[in-house]
Amino acid sequence: MSVPLLKIGVVLSTMAMITNWMSQTLPSLVGLNNTKLSVAPPGVPDRSTGVLPANPEDSWQVYSSAQDSEGRCVCTVVAPQQTMCSRDARTKQLRQLLEKVQNMTQSIQNLDQRTQKDLQYVQRMEVQLRGLESKFKQVEESHKQNIAKQYKAIKAKMEELRPMIPVLEEYKADAKLVMQFKEEVKNLTSVLSELQEEIGAFDYEELHNRVSNLEERLRACMQKLACGKLTGISDAITMKTSGSRYGSWMTDPLAPDGDTRVWYMDGYHNNRFVREYKSMVDFMYSDNFTSHRLPHPWSGTGQVVYNGSIYFNKFQSNTIIKFDFKTATISRSGQLDYAGFNNRYHYSWGGHSDIDLMVDEGGLWAVYATNQNAGNIVISKINPLTLQVIKSYTTNHPKRSAGEAFMICGTLYVTNGYSGGTKVYYAFHTNSSTYEYIDIPLQNKYSHISMLDYNPRDRALYAWNNGHQVLYNVTLFHVIRSEEL
């Protein structure tokens, strides 16, 4: 073999080794163990083999190799753009996760504002209680220097307020719990922000679980803060003067945002027409309304509008009717077995108020009385779709002795009358099937209350008071224990 031929053989052998190294070793150095090499003319990528992806930004690719004019092997490599991470599926999930946490942060801020406002009130009350306790001790030490009547009055007041002190302590702990939620969300937001910059630095599933857990705890916290024990009722706020001595008016607690329609029903029997006002402003300042005719007259003043339908007691029966305003048809009807009707077990003011329908945070309820319960109040949880009774609770309170009643957070509150001095004095808790006597004043501004219902969205009582439509704001006391979350 001549020397020129030997040289050519060496060159070809060397080129084969280089080509083999390019196809096997180079991809592993740049993280492309699964990438294949293809041979194509210089400057012309070979797409027929599928080496060059439709989107070059997806990954590293070696899509051609060739020789230059001097016989050197040339390899063309396409590297991903720096913007690849922004298009990564996991990054998109993380961005959605961050937005979710930001929404939670806003919810916690709203929750914190309400809690801080209540906490300020609680702290002022605590100072007053502590001061009163100190004053009482001073009086007790030198009681000989005080009039016996004053001494007894202060002692009685102190005994009445003393149980509030441990409750106040629990409420302050609840406020601290909300602050802990805020700090956790703040830390989680910071971690997610860093993760967006350095994707892969943290485990995505772990972060997702942390967010889900925090979201569940926040939801439970907000649900508990939405409910509470009734501790106070504001003075009456007169919205309008209209209609007869008896009637009912309401808004829909499940109406979508922006829907502020008001529903108005004059009288307690022998009437079928329901007025619809577009807003509270229209209700207060105008007579512009739409009239809806019901298929049957209603009985009493215990109607409710709930999720676009009106629920009412059909006159002279124990039948409940669900009437859909949108379709103007009866969508469901059902009977309350054994429920008294036709003025058999009415409220103390009369008016065919045997069956009172009401709504709270837990849904739809019916309050009535039966012979089987000796004319005492029965509370039934109602399925709003089927009108079937889910569960019933029997109380020891005579229906005819109640002025009016309303539900808040699963507790039935009963007034002692409908005229003159009025107060809420009886509470039955369905979560424990227990009752207690309370003393919460209710301003009876116009001396005759024939309708009193709670709206959980507004957290207010709607009342019909002798031809006046009034509102009462309510104060609910929230107690949350961290072990419940």
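Just so you know, glycine gets a Cβ as well, placed from its N, Cα and C.
Fair warning: this is a prediction, and the values are worked out from it, not measured in the lab.
Per TrEMBL, signal peptide is recorded for 1-16.
What TrEMBL lists as coiled coil is 94-142 (among others). Across the residues of the coiled coil (94-142), the predicted structure has a mean pLDDT of 71.
According to TrEMBL, the coiled coil annotation covers 178-224 (among others).
According to TrEMBL, the feature domain 'Olfactomedin-like' maps to 226-478.
Around Cys227 (disulfide bond), taking its Cβ as the centre, 16 other Cβ atoms fall within 10 Å, counting all chains. What TrEMBL records for Cys227-Cys409 is disulfide bond.
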Cβ neighbour count within 10 Å of Cys409 (disulfide bond):
20
